[in-house]
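Engineer: Handing you this structure, nothing more for now.
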Amino acid sequence: MSTQFLHKRSITPNLQRKDDSSKNATSRQNAQEVQLPPRKPSSATVQDNFPLLASLLLTCLPTIYLYSLERSRHGHHQQRIDLRILIWTYILTGTVGITVAMAVQSVLAYLLALLCFHGHTTAMSYLAETMKTTEDDIKALDEAHRRRRHEMARRRGYWVFMLLFSFLAAGLVEEGIKYIAIRTAMLALAQQQRSSHTGKGVSTERDNITIAVSAALGFATAENIAFLFAAARGRKGSGAKDSRQDTTFVLLTAVERVVLGITGHATTAALIGVNMLIRDHHLNHYHHHHHHHHTLGRSTTSISMNPTLWLILRDPALFHGFFNFMLFAVSALEGHVGWVHPRKPRTVCFVLAFAVGMQAALALVLRERLRLVGLW
């Protein structure tokens, strides 16, 4: 077959060869005239993406710490939780949990907007403005749009919307998702303990708190990644000064989300976990005394000290909602609808001071609850 192919090439007319040579020369000339866009050096690409990569590593450090802490319990032969349960709780809360939360929050946001703004058109206008979350989004607006946005942020109906959204859609929904994740993991561990003689399962009260923190880390890590990519998307400065400011902003966002965001989610989740322990303690106490009174011919109809689901979620949801409302309020006072990260140093310092104060108050409440169950 190759011989026949060579034979056909050898009997090709000379005119055809000349035409081919002419076409090849023209093609080479055209190729020389076409200039491909210069490729960005790989080192420059890495340098541009370094703040985002460093921020992603930073936001994963609490998860790494929790996993290493549980691994150390393996090495010391302490009673410990099955790491597979922790990992699956982390993954499912960070994927399914946050997806469900976003879907429920979207529906609630629309319903609350209808309630507060008295009509579909105005409600959708406000919801569209909440999607503008970066300084670049605001700078792209014309002056008339920015003035209209400033007026929208000062209306009474918008403040009512912020209040309801913060406590219902943000606080109650997100803490409810954590409760479901914690409860599901605890049931799975209890089932594992009943069906296994290896000692795996919830063996200590400390493990309940570990499950809660794992669920919070899964939720917070996914949320933080979204915040970091949103911050990196706004890095459009062309000069060296703009580039340094953008890099600082991305890293500042990472530090804020790790120090405040993850800590806040983990603390409220731990508060849910310890409230569940308090409920279990009261339930055990109730069943013991109910059996004792029943043997004596007495009846007990209720137990006032037994925490209901609302009491389990109340404090975490209130802390979460109040924190979110204050952030929205600060943004609204600067003329923004929705959350736009402040750039002014004075405003940033105020937000950080407020957040640290909220975290300290939440930590004090958690410490007192831990004392009630003997974990502090």
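Heads up, the Cβ atoms here are built off N, Cα and C, so glycines get one too.
Okay, these came from TrEMBL:
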REGION    1-43  region 'Disordered'
COMPBIAS  1-10  compositional bias 'Basic residues'
COMPBIAS  23-33  compositional bias 'Polar residues'
TRANSMEM  50-69  transmembrane segment
TRANSMEM  81-101  transmembrane segment
TRANSMEM  107-128  transmembrane segment
TRANSMEM  156-173  transmembrane segment
TRANSMEM  209-229  transmembrane segment
TRANSMEM  249-278  transmembrane segment
TRANSMEM  317-335  transmembrane segment
TRANSMEM  347-366  transmembrane segment
Engineer: Using a Cβ cut-off of under 8 Å, list the residues of the same chain at least 6 residues beyond the transmembrane segment (249-278) that approach it.
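Structural biologist: Apart from its flanks, the transmembrane segment (249-278) reaches 51-52, 54-56, 58-59, 61-62, 175, 178-179, 182-183, 186, 205, 208-209, 211-213, 215-217, 219-221, 223-224, 227-228, 231-232, 234-235, 307, 311-313, 315-316, 319-320, 323, 341, 343, 348, 352, 355-356, 358-359, 362-363, 365-366, 369-370, 372-373, 375.
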Engineer: Okay, the transmembrane segment (81-101) and the transmembrane segment (317-335): do they have at least three CB pairs under 8 Å, pairs separated by 6 or more?
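Structural biologist: Result for the transmembrane segment (317-335) with the transmembrane segment (81-101) is no.
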Engineer: By a Cβ-Cβ criterion of under 8 Å, what residues six or more beyond either terminus of the transmembrane segment (107-128) are in contact with it?
Structural biologist: 152, 157-158, 160-161, 164-165, 168-169, 173, 337
